[in-house]
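Below is one structure, written out as structure tokens; the observations come after it.
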Amino acid sequence: MLDIKRIRTDFEAVAEKLATRGVDAAVLNEMKEIDAKRRNILVKVETLKAERNTVSAEIAQAKRNKENTDDKIAAMQNLSAEVKALDAELAEIDAKLTEFTTTLPNIPADSVPVGADEDDNVEVRRWGTPREFDFEPKAHWDLGEDLGILDWERGGKVTGARFLFYKGLGARLERAIYNFMLDEHGKEGYTEVITPYIVNHDSMFGTGQYPKFKEDTFELSDTNFVLIPTAEVPLTNYYRDEILDGKDLPIYFTAMSPSFRSEAGSAGRDTRGLIRLHQFHKVEMVKFAKPEESYEELEKMTANAENILQKLNLPYRVVALSTGDMGFSAAKTYDLEVWIPAQNNYREISSCSNTEDFQARRAQIRYRDEADGKVKLLHTLNGSGLAVGRTVAAILENYQNEDGSVTIPEALRPYMGGAEVIKP
């Protein structure tokens, strides 16, 4: 959520920044006018309350003097009626302001590339060289079916489109991947957490999914509960409405969880395979940091995600997302895109973002600065470390052999009982 004071005092700069995210200046102007009206009403209310207090004191004095108080009582009643009417108007204005501030995206950092969409993203670096095959590489969905480790047909029968069963070494591979990821992040100082997979609406508001993106989620009917779209939600809300000790920052959390997404608006995209599912496993990283340290922590988090891909020897690239392609809550985002041979393209496998104080303001996560003792909003960061299903897809395609088998990456073999190959 944006700071209304920043919009008020630095309006032109904020409007210019948000314009790069598709926010019409007219919306901000309307918000500014409503805020000005609110402040004027507040002044009137305080003035009227002061007058009412004065009249109340005069009435008390008049009664002590046994004087007639009818006129003063009538005046106080009129003042109270005016205050009540203005309070009602103020409540309506506050509701409008809340609607504005909760649906506007975060202000992009100065270092974010300006652009309309993913075509304006900027490649930062690459790692590894895509493998050259001396045979036609298969898509991971065909490999998975031929190996008998991925079953979309029965997933569709039991549930519906974009669901599947992992079987045998496929299930073992999925489990090996996320255990490996959690172990690697643990080495980097992340505390492993098992979170609830169901959260309440306040938690969804805190991280920015609600109210703007309700259609992308799975709500439990007639309840206050939602299936988590990512472990970012419970991990970030762990400290909601709390004040942390500044000396304890930064704090690192990691968790593996299922993620549930309706994929509204994704009809026709990635209809086959593991790239876009309604339910998938993901290892998440979340950080709580002081404002002056958060961008250094973003670079470290991105490196933590890269470490997984490097140890799995999967070629990838890092791109800085443009203002038009970033997520709602992000001030800056790096995407990691892994090489998918059958698509001859890089596809997103991780997204690492600094939300600055955007989520912290919504969730009221603060810290007490040990230097001056003041309570301040901290910065929150989140990143995939990594999407597990997409990692399975990348391994199947990059490690496939001409005979249809798939070599298991060396880093995962200790997690798979020493198995080296998945064979038909």
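Cβ atoms are placed via backbone N, Cα and C, with glycine included.
Here is what Swiss-Prot records for this protein:
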type	residues	note
BINDING	T230, A231, E232, E284, S384	L-serine binding site
BINDING	R261, S262, E263, E348, I349, S350, S351	ATP binding site
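Nearest in space to S350 (ATP binding site), taking C-alpha to C-alpha distance over the binding-site residues T230, A231, E232, E284, S384, is S384. The shortest Cα-Cα distance from R261 (ATP binding site) to any of the binding-site residues (T230, A231, E232, E284, S384) is found for T230. With a 10 A radius on its CB, T230 (L-serine binding site) counts 23 other CB atoms from all the protein chains.
Within the set T230, A231, E232, E284, S384 that the record links to L-serine, no two Cα atoms are more than 9 Å apart, and one pair reaches that distance.
Each of the binding-site residues E232, E263, E284, E348 was scored by the number of other CB atoms within 10 A of its CB, and the lowest score belongs to E263. Farthest C-alpha pair in the ATP-binding residues R261, S262, E263, E348, I349, S350, S351: 19 Å apart.
Neighbours of S384 (L-serine binding site) among the binding-site residues S262, E263, I349, S351, defined as a Cα within 10 Å of its Cα, are I349, S351. Among the binding-site residues listed (T230, A231, E284), E284 has its Cα nearest to the Cα of I349 (ATP binding site).
Ranking the binding-site residues S262, E263, E348, S351 by the distance of their Cα atoms from the Cα of E232 (L-serine binding site) places S351 first. Calculated from their C-alpha atoms, the gap between S351 (ATP binding site) and T230 (L-serine binding site) amounts to 12 Å. Other than the site residues T230, A231, E232, E284, S384, same-chain residues with C-beta atoms no more than 8 angstroms from the centre of those residues' C-beta atoms, the L-serine site, are V233, L235, A255, S257, S259, K282, V283, M285, V286, N382, G383.
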